[in-house]
Amino acid sequence: MATQIDASSEAAAATAAAQHTPMMQQYLRIKSEHPDTLVFYRMGDFYELFFEDAEKAARLLDLTLTQRGASAGTPIKMAGVPHHAVEQYLAKLVKFGESAAICEQIGDPATSKGPVERKVVRVVTPGTLTDAALLSDKSDVFLLALCVGHNKRGVASNIGLAWLNLASGALRLAELAPDQLGAALERIRPAEILAADGTIESVPAGMGAITRVPAWHFDIASGTQRLCDQLEVASLDGFGAQALTSANGAAGALLIYAAATQGQQLRHVRSLKVENESEYIGLDPSTRRNLELTETLRGTESPTLYSLLDTCCTAMGSRLLRHWLHHPPRASVAAQARHQAIGALLDAPPNAGLDSLRSALRQIADVERITGRLALLSARPRDLSSLRDTFAALPALRERVAEIASNAAALGRLEAALEPPPGCLDLLTRAIAAEPAAMVRDGGVIARGYDAELDELRDISENCGQFLIDLETRERARTGISNLRVEYNKVHGFYIEVTRGQTDKVPDDYRRRQTLKNAERYITPELKTFEDKALSAQERALARERALYDGVLQALLPHIEGCQRVASGLAELDLLAAFAERARTLDWVAPEFTDEIGIEIDQGRHPVVEAQVEQFIANDCALNPERKLLLITGPNMGGKSTFMRQTALIALMAYVGSYVPAKAARFGPIDRIFTRIGAADDLAGGRSTFMVEMTEAAAILNDATPHSLVLMDEIGRGTSTFDGLALAWAIARHLLSHNRCYTLFATHYFELTQLPVEFPQAANVHLSAVEHGHGIVFLHAVEEGPANQSYGLQVAQLAGVPAPVIRAARKHLAHLEQQSAAQATPQLDLFAAPPVVDEPECNEPPAATPHPALERLLELDPDDLKPRDALDLLYELHTLARSGPADAQR
């Protein structure tokens, strides 16, 4: 029965297909293989999109939607783009998270019966970009696969991640707990995520385009074997990945998908890196955001730490900088090696020094991405010429590095990495023209002298006229016919024309081609051979050039790993040179590391803020086992957040391997950096500002260790005063007694400044400011002890709060202070040392009621009184003063 149904379905499908034109049958077959992808169908000089694809493309790309004819009774909606401009349209689609299947003509229109044969040669998706026109120079694009592992009860126990930078071939794996997924995706920032239907809900919203792939692609055993096949190894033990489970399953799905989009093997994926949380200083999403490492809180690219540090001369160096900032190593060994290299670069002699080195680096091409395209056989002619010119410049660059490398082992390693693969430069020099055309189809790509046949075809095409003149001269001399002519027309091609009176002198090798009234036209074997070549010379030259170019690409494939080694060395050298330039220009110093717990910064400066202002006030920061928590008080805008952030940034820069903005700095081990700074709600997640604040605080309290650096800014401010104060006090105590981490704790709760009485490991510091008239001057200097005022009204005045509001606030503040002073049990003043209050005796009379004249006076705003009103008020106050509180109450 099932067989009958299948046969009926196939017959119905065949009948439906037969109603379409042959070309539309071909298109619909290809479209059925890529149902969720926009199909760019090559027709002559255009890529056409049909039906629903055309409607979507017209909307997204602002194309004209047309309708031409019908197929199977359905109007054919069309939209097209010129083939030479397709990359710019693909770039727009990728930004919208769309994918496109590029369908090319692979058959010969002259010999095809019916539609020209076509097939999809590549699929462009958000995570599989390799073309230079589709990529940002200074950031990587990652394709990530996610596989959820389950325990025996069917509960998610771990998550395996595999992510690939297809443009470079860098493959990484990780396995983590389910609650760590959001932080991992925030760090990796994949452009596209591959997941099976049952795991898509695990992916947090807004983390990249999600592509569904079959669940069987994530099979762990198959994934492990596929990784071994890809890396050409028998076991993954050498990469530390053999014992992984879900990560290997994710890698298998990723490799299947990536190879399918490219339509070929991934020859440049030759190694992998297993990332372990213990390798790097932990930076959660909140910390990355608050420290503005690569993006400001407003979502812009600058001013950030990345934009300040990125003076790299190559795109490779800029991308490596971004990676280093998000992956600071915990072990200080790597940072110390980088500091040593920076010192050697700064101390180098002028002829081989920093400026000379950076000048040479500016001539270097993006070897990393060119190598990726080379491995995928999609490198263009100018990619190869750029690679050739870079390899030609490497010997001089290596000499400069070698002169400096004796003082830094890291530079010695890089100098060795800069040796081009043997034979690669020679091949590129011989094969590729000095200034090749942008595309192979335009010709002029292969250098003269590389191939004799191509040179001859070019000569024929370019020097056809000269050949005919030379042949005519030779034939006149050979035959003695002075008026012999060699000519050409489109009907008969090339011929030798002899007048009737001279035909008796025609040699035996002349063959008659055409008889005219007064002349005979002949062809010779030499001319026939030339004709065959000349008439197709240009076409044949382009075909020969294409074949030779493909041969060059194939010949370069064995050099992929060598090119990757060179690219890695160039990127690191460029970044170290950029660090050295920043250190020299901005007066930064090499930090020191110690195994003892502590952070000591002498005259530290916020690197980004300092670059934005004319003068920056440097401050010290000292944290050690006897001084683990600094309670920071002071006015708003006084610099509390800047001081905290600069401490974290200086520590991060030190471990990344950069010099730091300070007079001196010394760091003990740091395993994580936490921040609880700023106020923002999560409307999409249904969380209030206070809930976000408490969630971040909970993560810190649960995860911080004695080696963690914690920044807490005004914790507890999102609720009532007493709730907030109680929470802030309890959190600070917990950080001191349980976490015992390095902590910078900024607060406006002055009651917290009593914490050092109970915990000697806490200390008070404040950001100084002085009043000037009704205004305030921020000194931005960190001084010992608590602040004595909040300066809230002065800051509000600076912010432009209207004067009547400021006056009303000042009156109400005086009223509140008066009430507080009159209370039997006074509340602690916000920014004054707590008074010593004697216990009242039992027979002590109650506190006096404030005098009505004083209360009335406090209600006044003298600036709003007219002369007559002031006089009336004076009489009123006189009466109140004489009557007293008791009379006023009556």
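Placed from the backbone N, Cα and C atoms, the Cβ positions cover glycine too.
Among the features that Swiss-Prot reports, ATP binding site is placed at G634, P635, N636, M637, G638, G639, K640, S641.
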**Asked** Once near-sequence residues are set aside, which residues in the chain of G639 (ATP binding site), 6 or more away, have Cβ atoms under 8 Å from its Cβ?
**Response** I617, L767, F778, H780, V782
**Prompt:** What's the most sparsely packed of the binding-site residues G634, G638, counting other C-beta atoms within 10 A?
**Reply:** G638
**Request:** Select the most exposed residue of N636, S641, where exposure means the fewest other Cβ atoms within 10 Å, treating these as the binding-site residues.
**Result:** N636
**Request:** Count, for each of the binding-site residues P635, M637, K640, the other C-beta atoms lying within 10 angstroms of its own C-beta, and report the residue with the smallest count.
**Result:** M637
